[in-house]
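Novice: Pasting a structure here, questions to come.
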Amino acid sequence: MDSADPNEPTFPCPICDRRFIKSSLEKHESACRKLASLHRKPFDSGKQRASGSDLTYADIKKVQHEKNKNGGVFPRPQTNWRERHGNFIDAVSSSKRVDYALKTGAPLPPPPKTAVPSDYVQCEYCSRNFNAAAAERHIPFCREQATRKQGGNLKSSGGNRALTGNYRSTPSKNEGKKQESSSRNGSAERKPTTRGRDGSLLRARRDDSNDITSRRKSLDTRTSLTTGQASNRHTSLSAGMRPTLPPMTPSSKRSSSAKRDAPLQQSSTPQQRLKTPASTTTTASRSGSRTSSRACPRDDSRDSRLSQAKNNSRNNSRSRIF
(Lines of atoms letter the chains of each structure in order from A and count residues from 1; the text may use other names and numbers.)
(Lines give C-alpha, C1' and ligand atoms only; values in the text may rest on other atoms or scores of the structure.)
Protein backbone atom coordinates (compact mmCIF):
# COMPACT_ATOMS: atom_id res chain seq x y z
CA MET A 1 0.00 0.00 0.00
CA ASP A 2 1.44 3.33 -1.03
CA SER A 3 1.84 5.90 1.70
CA ALA A 4 0.15 9.28 1.18
CA ASP A 5 2.27 12.29 0.50
CA PRO A 6 2.23 14.62 3.52
CA ASN A 7 2.69 17.64 1.27
CA GLU A 8 -0.42 16.85 -0.83
CA PRO A 9 -2.89 19.75 -0.75
CA THR A 10 -6.38 19.43 0.94
CA PHE A 11 -9.73 20.79 -0.20
CA PRO A 12 -12.79 21.75 1.95
CA CYS A 13 -16.14 19.91 1.83
CA PRO A 14 -18.95 22.22 0.65
CA ILE A 15 -21.44 20.65 3.13
CA CYS A 16 -19.55 20.29 6.46
CA ASP A 17 -16.53 22.52 5.73
CA ARG A 18 -14.05 19.86 6.71
CA ARG A 19 -10.88 19.47 4.64
CA PHE A 20 -9.87 16.31 2.78
CA ILE A 21 -7.37 15.36 0.06
CA LYS A 22 -8.73 15.17 -3.45
CA SER A 23 -9.17 11.36 -3.53
CA SER A 24 -10.97 11.26 -0.16
CA LEU A 25 -13.09 14.29 -0.86
CA GLU A 26 -14.98 12.54 -3.66
CA LYS A 27 -16.00 9.66 -1.33
CA HIS A 28 -16.86 11.94 1.60
CA GLU A 29 -18.96 14.36 -0.38
CA SER A 30 -21.51 11.72 -1.45
CA ALA A 31 -21.84 10.34 2.13
CA CYS A 32 -22.05 13.79 3.70
CA ARG A 33 -24.82 14.81 1.31
CA LYS A 34 -26.93 11.76 2.39
CA LEU A 35 -26.45 12.52 6.12
CA ALA A 36 -27.43 16.14 5.64
CA SER A 37 -30.70 15.13 4.01
CA LEU A 38 -31.72 12.99 7.07
CA HIS A 39 -33.54 14.75 10.01
CA ARG A 40 -32.07 13.27 13.22
CA LYS A 41 -33.64 13.99 16.64
CA PRO A 42 -31.40 15.95 19.00
CA PHE A 43 -29.94 13.92 21.83
CA ASP A 44 -31.56 14.79 25.20
CA SER A 45 -28.99 14.29 27.95
CA GLY A 46 -31.57 15.14 30.67
CA LYS A 47 -33.65 12.09 29.90
CA GLN A 48 -30.55 9.93 30.11
CA ARG A 49 -29.64 11.37 33.54
CA ALA A 50 -33.20 10.90 34.85
CA SER A 51 -33.28 7.21 33.99
CA GLY A 52 -32.23 5.03 36.96
CA SER A 53 -32.40 7.81 39.59
CA ASP A 54 -34.89 9.39 41.99
CA LEU A 55 -35.26 12.46 39.78
CA THR A 56 -38.04 12.75 37.27
CA TYR A 57 -37.79 14.04 33.73
CA ALA A 58 -40.21 16.88 34.58
CA ASP A 59 -37.88 18.20 37.30
CA ILE A 60 -34.93 18.22 34.92
CA LYS A 61 -36.92 20.03 32.24
CA LYS A 62 -37.98 22.62 34.82
CA VAL A 63 -34.37 23.30 35.76
CA GLN A 64 -33.37 23.57 32.11
CA HIS A 65 -36.21 26.01 31.50
CA GLU A 66 -35.06 28.25 34.36
CA LYS A 67 -31.50 28.07 33.09
CA ASN A 68 -32.56 29.13 29.59
CA LYS A 69 -34.64 31.96 31.04
CA ASN A 70 -31.57 33.36 32.82
CA GLY A 71 -29.48 33.26 29.67
CA GLY A 72 -28.06 29.76 30.08
CA VAL A 73 -26.24 30.55 33.39
CA PHE A 74 -27.51 30.20 36.96
CA PRO A 75 -27.07 33.33 39.10
CA ARG A 76 -24.61 32.61 41.89
CA PRO A 77 -25.37 34.07 45.34
CA GLN A 78 -23.11 36.89 46.43
CA THR A 79 -20.76 35.74 49.19
CA ASN A 80 -18.68 38.01 51.42
CA TRP A 81 -15.70 35.69 51.33
CA ARG A 82 -13.24 38.45 52.17
CA GLU A 83 -15.13 39.36 55.35
CA ARG A 84 -15.42 35.73 56.42
CA HIS A 85 -11.73 35.19 55.79
CA GLY A 86 -10.86 38.18 57.98
CA ASN A 87 -13.07 36.87 60.83
CA PHE A 88 -11.38 33.48 60.57
CA ILE A 89 -7.90 35.02 60.82
CA ASP A 90 -8.93 37.07 63.88
CA ALA A 91 -10.27 33.95 65.62
CA VAL A 92 -7.04 32.02 64.96
CA SER A 93 -4.85 34.86 66.21
CA SER A 94 -6.92 35.29 69.40
CA SER A 95 -6.65 31.56 70.18
CA LYS A 96 -2.87 31.75 69.72
CA ARG A 97 -2.69 34.67 72.16
CA VAL A 98 -4.67 32.68 74.72
CA ASP A 99 -2.33 29.69 74.38
CA TYR A 100 0.71 31.94 74.79
CA ALA A 101 -0.80 33.54 77.92
CA LEU A 102 -1.49 30.12 79.47
CA LYS A 103 2.07 28.94 78.83
CA THR A 104 3.89 32.06 80.04
CA GLY A 105 1.47 33.11 82.81
CA ALA A 106 0.69 36.45 81.20
CA PRO A 107 -2.77 38.01 81.64
CA LEU A 108 -5.40 36.64 79.32
CA PRO A 109 -6.36 38.86 76.40
CA PRO A 110 -9.96 40.08 76.08
CA PRO A 111 -12.26 37.83 74.07
CA PRO A 112 -12.75 38.81 70.44
CA LYS A 113 -15.92 40.60 69.48
CA THR A 114 -18.45 38.53 67.61
CA ALA A 115 -18.64 40.09 64.18
CA VAL A 116 -22.07 40.21 62.59
CA PRO A 117 -22.07 39.61 58.82
CA SER A 118 -22.74 42.74 56.84
CA ASP A 119 -25.52 41.14 54.80
CA TYR A 120 -27.57 40.33 57.92
CA VAL A 121 -30.71 42.32 58.77
CA GLN A 122 -31.26 43.57 62.33
CA CYS A 123 -34.72 43.28 63.88
CA GLU A 124 -35.91 46.61 65.28
CA TYR A 125 -37.97 44.93 68.03
CA CYS A 126 -35.53 42.41 69.54
CA SER A 127 -32.22 43.77 68.10
CA ARG A 128 -31.21 40.36 66.76
CA ASN A 129 -29.65 39.78 63.35
CA PHE A 130 -30.94 37.42 60.67
CA ASN A 131 -30.22 36.72 57.05
CA ALA A 132 -32.61 38.02 54.42
CA ALA A 133 -34.78 34.87 54.20
CA ALA A 134 -35.08 34.44 57.98
CA ALA A 135 -35.74 38.15 58.55
CA GLU A 136 -38.79 38.04 56.29
CA ARG A 137 -40.32 35.38 58.55
CA HIS A 138 -39.15 36.72 61.91
CA ILE A 139 -39.86 40.45 61.76
CA PRO A 140 -43.70 40.17 61.29
CA PHE A 141 -43.88 37.64 64.14
CA CYS A 142 -41.74 39.78 66.44
CA ARG A 143 -43.83 42.86 65.62
CA GLU A 144 -47.01 41.00 66.58
CA GLN A 145 -45.52 39.85 69.90
CA ALA A 146 -44.31 43.36 70.72
CA THR A 147 -47.75 44.88 70.11
CA ARG A 148 -49.36 42.23 72.31
CA LYS A 149 -47.00 43.00 75.19
CA GLN A 150 -47.61 46.73 74.86
CA GLY A 151 -51.38 46.18 74.71
CA GLY A 152 -51.85 48.29 71.59
CA ASN A 153 -53.66 47.59 68.35
CA LEU A 154 -52.45 44.47 66.54
CA LYS A 155 -51.99 44.69 62.79
CA SER A 156 -52.41 41.50 60.86
CA SER A 157 -49.52 40.34 58.65
CA GLY A 158 -51.81 39.96 55.62
CA GLY A 159 -52.94 43.60 55.43
CA ASN A 160 -53.23 46.95 57.18
CA ARG A 161 -56.44 46.06 59.07
CA ALA A 162 -56.14 46.47 62.86
CA LEU A 163 -57.68 43.96 65.23
CA THR A 164 -59.56 46.01 67.84
CA GLY A 165 -62.67 45.62 69.99
CA ASN A 166 -62.86 42.30 71.79
CA TYR A 167 -59.13 41.61 71.42
CA ARG A 168 -57.60 40.50 74.70
CA SER A 169 -53.87 41.01 75.12
CA THR A 170 -51.92 38.12 76.63
CA PRO A 171 -49.85 39.12 79.68
CA SER A 172 -46.11 38.67 79.72
CA LYS A 173 -44.26 36.35 82.10
CA ASN A 174 -43.67 39.02 84.76
CA GLU A 175 -47.27 40.30 84.55
CA GLY A 176 -48.59 36.75 84.88
CA LYS A 177 -46.52 36.17 88.03
CA LYS A 178 -47.80 39.42 89.55
CA GLN A 179 -51.42 38.45 88.85
CA GLU A 180 -50.93 35.04 90.45
CA SER A 181 -49.36 36.54 93.58
CA SER A 182 -52.16 39.12 93.91
CA SER A 183 -54.85 36.46 93.51
CA ARG A 184 -53.20 34.33 96.16
CA ASN A 185 -53.00 37.23 98.61
CA GLY A 186 -56.63 38.21 97.99
CA SER A 187 -57.99 34.71 98.55
CA ALA A 188 -58.41 33.01 101.90
CA GLU A 189 -55.30 32.02 103.80
CA ARG A 190 -54.07 28.56 103.06
CA LYS A 191 -53.51 26.25 105.97
CA PRO A 192 -49.87 25.45 106.73
CA THR A 193 -48.60 22.11 105.54
CA THR A 194 -46.18 19.74 107.21
CA ARG A 195 -44.40 16.64 106.05
CA GLY A 196 -44.95 13.22 107.55
CA ARG A 197 -42.43 10.45 108.11
CA ASP A 198 -42.83 9.13 104.58
CA GLY A 199 -42.24 12.61 103.10
CA SER A 200 -45.86 13.22 102.09
CA LEU A 201 -47.49 16.60 102.66
CA LEU A 202 -49.90 16.74 105.60
CA ARG A 203 -52.17 19.74 106.05
CA ALA A 204 -52.34 20.89 109.67
CA ARG A 205 -55.87 21.01 111.06
CA ARG A 206 -56.88 24.35 112.48
CA ASP A 207 -60.29 24.28 114.18
CA ASP A 208 -61.82 27.66 114.83
CA SER A 209 -63.94 28.44 117.87
CA ASN A 210 -67.06 28.63 115.70
CA ASP A 211 -66.49 25.10 114.41
CA ILE A 212 -66.06 23.74 117.95
CA THR A 213 -69.24 25.38 119.23
CA SER A 214 -71.23 24.14 116.23
CA ARG A 215 -70.00 20.59 116.84
CA ARG A 216 -70.93 20.76 120.52
CA LYS A 217 -74.42 21.99 119.66
CA SER A 218 -74.90 19.14 117.23
CA LEU A 219 -73.81 16.62 119.88
CA ASP A 220 -76.20 18.12 122.44
CA THR A 221 -79.12 17.87 120.03
CA ARG A 222 -78.27 14.26 119.26
CA THR A 223 -78.18 13.23 122.93
CA SER A 224 -81.45 15.02 123.64
CA LEU A 225 -83.16 13.27 120.76
CA THR A 226 -81.90 9.83 121.75
CA THR A 227 -82.84 10.26 125.41
CA GLY A 228 -86.30 11.51 124.46
CA GLN A 229 -87.02 8.56 122.20
CA ALA A 230 -85.80 5.87 124.60
CA SER A 231 -86.95 7.32 127.91
CA ASN A 232 -88.93 4.19 128.83
CA ARG A 233 -85.99 1.75 128.76
CA HIS A 234 -82.78 1.57 130.81
CA THR A 235 -80.07 3.04 128.54
CA SER A 236 -77.25 3.42 131.06
CA LEU A 237 -75.47 0.29 129.72
CA SER A 238 -76.58 0.48 126.07
CA ALA A 239 -74.05 0.51 123.26
CA GLY A 240 -72.44 3.86 122.51
CA MET A 241 -73.35 5.50 125.88
CA ARG A 242 -71.40 5.54 129.11
CA PRO A 243 -73.19 4.66 132.37
CA THR A 244 -73.92 7.61 134.62
CA LEU A 245 -72.35 6.80 138.00
CA PRO A 246 -73.69 8.36 141.21
CA PRO A 247 -71.26 10.42 143.29
CA MET A 248 -69.15 8.29 145.63
CA THR A 249 -69.56 8.91 149.39
CA PRO A 250 -67.90 7.14 152.33
CA SER A 251 -71.27 5.90 153.54
CA SER A 252 -72.05 4.21 150.21
CA LYS A 253 -69.21 1.68 150.54
CA ARG A 254 -70.30 -1.91 151.18
CA SER A 255 -68.08 -4.78 152.25
CA SER A 256 -67.84 -7.86 150.07
CA SER A 257 -68.81 -10.19 152.94
CA ALA A 258 -71.95 -8.28 153.88
CA LYS A 259 -75.31 -9.32 152.50
CA ARG A 260 -77.39 -7.27 150.13
CA ASP A 261 -80.18 -6.75 152.66
CA ALA A 262 -77.75 -5.74 155.43
CA PRO A 263 -77.41 -2.02 156.20
CA LEU A 264 -74.37 -0.12 154.95
CA GLN A 265 -71.34 0.15 157.23
CA GLN A 266 -70.74 3.48 158.86
CA SER A 267 -67.48 5.19 158.04
CA SER A 268 -64.93 5.17 160.82
CA THR A 269 -63.43 8.30 162.25
CA PRO A 270 -59.66 8.85 162.42
CA GLN A 271 -59.65 8.00 166.16
CA GLN A 272 -61.45 4.71 165.50
CA ARG A 273 -58.98 3.89 162.74
CA LEU A 274 -56.07 4.30 165.19
CA LYS A 275 -57.70 1.91 167.67
CA THR A 276 -58.52 -0.77 165.10
CA PRO A 277 -55.76 -3.20 164.10
CA ALA A 278 -53.99 -3.02 160.73
CA SER A 279 -55.61 -6.21 159.44
CA THR A 280 -59.07 -4.76 159.69
CA THR A 281 -58.05 -1.58 157.87
CA THR A 282 -56.48 -3.50 155.03
CA THR A 283 -59.55 -5.70 154.63
CA ALA A 284 -61.78 -2.65 154.71
CA SER A 285 -59.70 -0.92 152.04
CA ARG A 286 -59.81 -4.02 149.89
CA SER A 287 -63.53 -4.38 150.32
CA GLY A 288 -63.97 -0.71 149.48
CA SER A 289 -62.00 -1.09 146.23
CA ARG A 290 -64.09 -4.09 145.25
CA THR A 291 -67.39 -2.45 146.01
CA SER A 292 -66.45 0.76 144.18
CA SER A 293 -66.69 -1.08 140.89
CA ARG A 294 -70.23 -2.22 141.83
CA ALA A 295 -71.48 1.26 142.64
CA CYS A 296 -73.39 1.63 139.38
CA PRO A 297 -76.97 0.30 139.49
CA ARG A 298 -77.38 -3.14 137.91
CA ASP A 299 -80.01 -5.84 137.75
CA ASP A 300 -80.00 -8.48 140.56
CA SER A 301 -80.34 -11.30 138.08
CA ARG A 302 -77.21 -10.18 136.20
CA ASP A 303 -75.21 -9.85 139.44
CA SER A 304 -76.29 -13.30 140.62
CA ARG A 305 -75.22 -14.80 137.31
CA LEU A 306 -71.82 -13.14 137.51
CA SER A 307 -71.23 -14.31 141.09
CA GLN A 308 -72.27 -17.87 140.17
CA ALA A 309 -69.84 -17.87 137.23
CA LYS A 310 -67.02 -16.69 139.51
CA ASN A 311 -67.73 -19.43 142.05
CA ASN A 312 -67.73 -22.08 139.33
CA SER A 313 -64.37 -20.86 138.02
CA ARG A 314 -62.90 -20.94 141.54
CA ASN A 315 -64.14 -24.50 142.14
CA ASN A 316 -62.69 -25.65 138.84
CA SER A 317 -59.30 -24.13 139.65
CA ARG A 318 -59.26 -25.78 143.10
CA SER A 319 -60.16 -29.19 141.65
CA ARG A 320 -57.31 -28.88 139.17
CA ILE A 321 -54.84 -28.03 141.93
CA PHE A 322 -55.84 -31.02 144.11
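Every residue gets a Cβ built from N, Cα and C, even glycine.
Quick paste from Swiss-Prot:
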{"type": "ZN_FING", "residues": "9-38", "note": "zinc finger"}
{"type": "BINDING", "residues": "C13, C16, H28, C32", "note": "Zn(2+) 1 binding site"}
{"type": "ZN_FING", "residues": "119-148", "note": "zinc finger"}
{"type": "BINDING", "residues": "C123, C126, H138, C142", "note": "Zn(2+) 2 binding site"}
{"type": "COMPBIAS", "residues": "150-159", "note": "compositional bias 'Polar residues'"}
{"type": "REGION", "residues": "150-322", "note": "region 'Disordered'"}
{"type": "COMPBIAS", "residues": "174-220", "note": "compositional bias 'Basic and acidic residues'"}
{"type": "COMPBIAS", "residues": "221-238", "note": "compositional bias 'Polar residues'"}
{"type": "COMPBIAS", "residues": "264-274", "note": "compositional bias 'Polar residues'"}
{"type": "COMPBIAS", "residues": "276-295", "note": "compositional bias 'Low complexity'"}
{"type": "COMPBIAS", "residues": "296-305", "note": "compositional bias 'Basic and acidic residues'"}
{"type": "COMPBIAS", "residues": "311-322", "note": "compositional bias 'Low complexity'"}
Novice: Sequence gap of 6 or more, C-beta under 8 Å: which same-chain residues meet both conditions with respect to C126 (Zn(2+) 2 binding site)?
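Specialist: C126 (Zn(2+) 2 binding site) has long-range Cβ partners C142.
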Novice: Any idea what the Cα distance is from H28 (Zn(2+) 1 binding site) over to H138 (Zn(2+) 2 binding site), rounded to a whole Å?
Specialist: 69
Novice: Taking just the CA atoms, what is the gap between C13 (Zn(2+) 1 binding site) and C123 (Zn(2+) 2 binding site) in Å?
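Specialist: Here the two Cα atoms lie 69 Å apart.
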Novice: Just to confirm my parser: what is the rounded mean pLDDT across the zinc finger (9-38)?
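Specialist: Mean pLDDT for the zinc finger (9-38): 89.
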Novice: Could you check what DSSP calls C142 (Zn(2+) 2 binding site) once collapsed to helix, strand or coil?
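Specialist: It is helical.
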Novice: With DSSP as the reference, give the number of residues of the zinc finger (119-148) in helix, strand and coil.
Specialist: 17 helix, 4 strand, 9 coil
Novice: Between H138 (Zn(2+) 2 binding site) and C16 (Zn(2+) 1 binding site), how many Å separate their Cα atoms?
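Specialist: Counting only the Cα atoms, the answer is 61 Å.
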Novice: Neighbours of the Zn(2+) 1 site C13, C16, H28, C32: Cβ within 8 Å of the Cβ centroid, same chain, sequence order.
Specialist: P14, I15, D17, R18, F20, L25, E29, A31, R33
Novice: If you run the three-state DSSP split on C16 (Zn(2+) 1 binding site), which class comes out?
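Specialist: Looking at the DSSP assignment, C16 (Zn(2+) 1 binding site) belongs to neither helix nor strand, so coil.
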Novice: Take the C-alpha atoms of C32 (Zn(2+) 1 binding site) and C123 (Zn(2+) 2 binding site) and report the distance between them in angstrom, rounded.
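Specialist: C32 (Zn(2+) 1 binding site) and C123 (Zn(2+) 2 binding site) have their Cα atoms 68 Å apart.
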